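Q: From TrEMBL, here are the annotated features:
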- A:CYS36, A:ASP38, A:HIS90, A:CYS93: Zn(2+) binding site (BINDING)
Protein chains: 2
Amino acid sequence: MSAHLEFADKNAVYAKTFDKGELPVPPSKKLLIVTCMDARIEDSCYKSLGLELGEAHIVRNAGGSARDAFRSILISQRLLGTREIAVFHHTNCGMQSFTAPQLRNLVKSDAQSKPSNEKEEIEKTVDDMEFYEFSDLEGSVREDVKFLKGNLLVLNQTKITGWVYDTTTGKVRQVV
Amino acid sequence: MSAHLEFADKNAVYAKTFDKGELPVPPSKKLLIVTCMDARIEDSCYKSLGLELGEAHIVRNAGGSARDAFRSILISQRLLGTREIAVFHHTNCGMQSFTAPQLRNLVKSDAQSKPSNEKEEIEKTVDDMEFYEFSDLEGSVREDVKFLKGNLLVLNQTKITGWVYDTTTGKVRQVV
């Protein structure tokens, strides 16, 4: 069964007791969090960090990549006033399980039965893509923080920290 | 005060009762959700849709853009087995409050006092960036679903739906 078929019923229950009303658009803690799309990170930015609704922008992508999050960070800083960035990567991340050449080969091999014009387009797209995979967890956090600190488009006064979230214990640890 | 100074204390309370243990990496509902980084979307993918930990990848970025989420979607489908995508945009979104030329001008004007080599780099970067802003909320959901359905790198059998989340009522509504 498709998961989306349950959204309406489940949401009706949720909306019945929804009492947040209209909060301001800019995050009240001027905070932006970058973390992974991983299914085991539950409201990591709310319950696990003690944040409340309306306090922080939450950007999530494969790996919690700050490079991939750059468009969102720019919009968040320039238009919605955030001045602090916390990057979270996590233990046992899918991004540590492959290399870009392996993934490119996998996609190309899946496309073998396609018409040749489609195959060419798929190959070109995947060859041009960055995947931001990593092998060293703490190193990847440090590198993302370094990327943000050295980026001319990230505002000078931004506080930038880097963290690891442990998916088996729920604990966070500051790396940088 | 920096928000991150409270992370360790708040997280210690959370981790004390954390009892999820080690869940599998692939999302059990084979579902990926794309939604906005907006601070008013609280665990929209858990409580508001009745999802449980471990069931879905959650990608969040400025606007809930499927184009911006494309790298994450590819990794999620090819390496972690997801076969359904639900795109959520929301009411009163920051992405409806600007145009790309306005944002580019704002960034360039902020850079006026920088050395000329830095100014040039900033101008080039921001001129080359896509921001995926939109004026028509439902139209933007339809366009993202169309982008995914027409994308040769999204697997054929993927179920793709598009939704609007109302930040004042907590209600979701299917658009496509």
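Yeah, the Cβs are placed from backbone N, Cα and C, and that goes for glycine too.
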Q: Cβ within 8 angstroms of the Cβ centroid of A:CYS36, A:ASP38, A:HIS90, A:CYS93: which residues besides those meet this for the Zn(2+) site?
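A: My list of surrounding residues reads A:THR35, A:MET37, A:ARG40, A:ILE41, A:GLY63, A:GLY64, A:HIS89, A:THR91, A:ASN92, A:GLY94, A:MET95, A:TYR165, A:THR167.
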Q: Check each residue in the chain of A:HIS90 (Zn(2+) binding site) that is at least six apart in sequence and keep those whose C-beta is under 8 Å from its C-beta; list them in sequence order.
A: A:THR35, A:CYS36, A:ASP38, A:ARG40, A:ILE41, A:GLY64, A:LEU137, A:VAL164, A:TYR165, A:ASP166, A:THR167
Q: In the structure shown, which of the binding-site residues A:CYS36, A:CYS93 has the fewest Cβ neighbours within 10 Å?
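A: Across A:CYS36, A:CYS93, these binding-site residues, the one with fewest Cβ atoms within 10 Å is A:CYS93.
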Q: Near chain B: which of the binding-site residues A:CYS36, A:ASP38, A:HIS90 have their Cβ closer than 8 Å to one of its Cβ atoms?
A: A:ASP38
Q: Where does A:CYS36 (Zn(2+) binding site) sit in the DSSP three-state scheme?
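A: Reduced to three states, the DSSP call for A:CYS36 (Zn(2+) binding site) is strand.
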Q: Tell me whether A:CYS93 (Zn(2+) binding site) sits in a helix, a strand or coil according to DSSP.
A: coil
